[in-house]
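What follows is a short report on a single structure.
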Amino acid sequence: MFIDKVNTYLAAGRGGDGCISFRREKYVPYGGPDGGNGGNGGDIYFESDQHKTTLLDLSYRPKFKAEDGQKGSSGDKSGRYGEDLIIKIPLGTLIFKNGEFFADLKTVGERILIVKGGRGGRGNASFKTGRHTVPRIAEKGAPGETAEVNLELRLIADVGLLGLPNAGKSTLLSQISAAKPKIADYPFTTLAPNLGVVNYKGKHFTAADIPGIIEGAYKGIGLGFEFLRHIRRTKVLIHVIDVNGFDGRDPYENYKIINNELKKYSKHLAKKHVIIVLNKIDSAVSLEQIKNFKKHLKVKKLFETSAATGYGIDALLKEMLRMLEKPVAFSTEGEVEPLHVKKYIYEPEFKISIENGIFVATGAKVETLTEVTKFNEDESLRRYRNILKKMGLEIELKKMGARPGDTVRIGDFEFTFEK
């Protein structure tokens, strides 16, 4: 089954908690704190794989979760880092993260970080100072990043075969490559793109057979529209035309239909290198139709083939190689720039709003501090309050009208405001 669009949820691993421990050994007085740090949570990456041609395996997984980091331990031992999760996806996959275009994997083995694992919490050995020699403080591991991810596959093929239904595209692909697409004598036999690798005179290239396009495809009519995006990146287009016509129209009328659909869908597609192939020449019912087609077409080269018998295939392959050797200027039409370059934008340490009588403080710094603080440890709680005070949260709450006894919320933690 060919799947070219998938939505999934990614959750990086949480960091391991830091440890509170003190060195206790005979003959070692004042051993001091030796609680180790927690390990970082695992990251999640996408990596392009040339052997994958569909997103089918991802469609069965609505959620991916990386491994959490392990807790720190005594002896100043850090916890093990969570294992990174690497998800293989086909070449040419567009990645949309939280509704915005994030990356486009165009090269084999390209790997990109999507969500980062949480930082491991610090153990009490990390809080030792000259003045504070016996800290009873440790942090919880920070949660990993999460993201809603949409994947959209755009096949990367050197040659794209297109045309009206039943023009013989699948048969032609099976002649020039080892691909074995479904072939039958009725329209819309091909319901999804087929990829094949062509090996001709020591040269290799890929070819894709696109499902039949019908009139009005640019408006979303028929099957072909769903797959037109797959030929945006092809270097050469092979326009396959049934010599006997289709749907009661002669070959030239059918040729014009496909050309018009390409122009309406994308001006860039209409400007690509195109090889015109008049197929099923062995079953031509009228030589007059062939002459009429050539008369109206007015192109320097027209290839007459029979994909069923192999007639004209060798000449067509030579032309494909010749066209592929020409330089191609790829258009950026329909493409957008990735957003995975991090932008640094100044944000205040916190903002305060009032919701249903509760003072709500938001901001990356105060929320992260809240997430990693162990509130069941008295010393950790005192440290938490001192940091918030130094940040100016208490003064700002008073300015907003907070009084003793009012509720303050930061993240999932609520506490009572005191003077």
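In case you wondered, yes, glycine gets a Cβ from its N, Cα and C as well.
Database features (Swiss-Prot):
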type: DOMAIN; residues: 1-156; note: domain 'Obg'
type: DOMAIN; residues: 157-325; note: domain 'OBG-type G'
type: BINDING; residues: 163-170, 188-192, 209-212, 279-282, 306-308; note: GTP binding site
type: BINDING; residues: SER170, THR190; note: Mg(2+) binding site
type: DOMAIN; residues: 342-419; note: domain 'OCT'
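Listed in sequence order, the binding-site residues from GLY163, PRO211, LYS280, SER306 having a Cα within 10 Å of the Cα of SER170 (Mg(2+) binding site) are PRO211. Across the domain 'OCT' (342-419), DSSP classifies residues as 30 helix, 19 strand, 29 coil. Secondary structure from DSSP puts LYS280 (GTP binding site) in coil. Note on LYS169 (GTP binding site): other Cβ atoms within 10 Å of its Cβ, all shown chains, come to 32. It is SER170 that, of the binding-site residues ASN166, SER170, SER306, has its Cβ surrounded by the most other Cβ atoms within 10 Å. Of all the Cβ atoms in the protein chains shown, 22 others lie within 10 Å of the Cβ of LYS280 (GTP binding site). Counting every protein chain shown, the Cβ of PRO211 (GTP binding site) has 25 other Cβ atoms within 10 Å.
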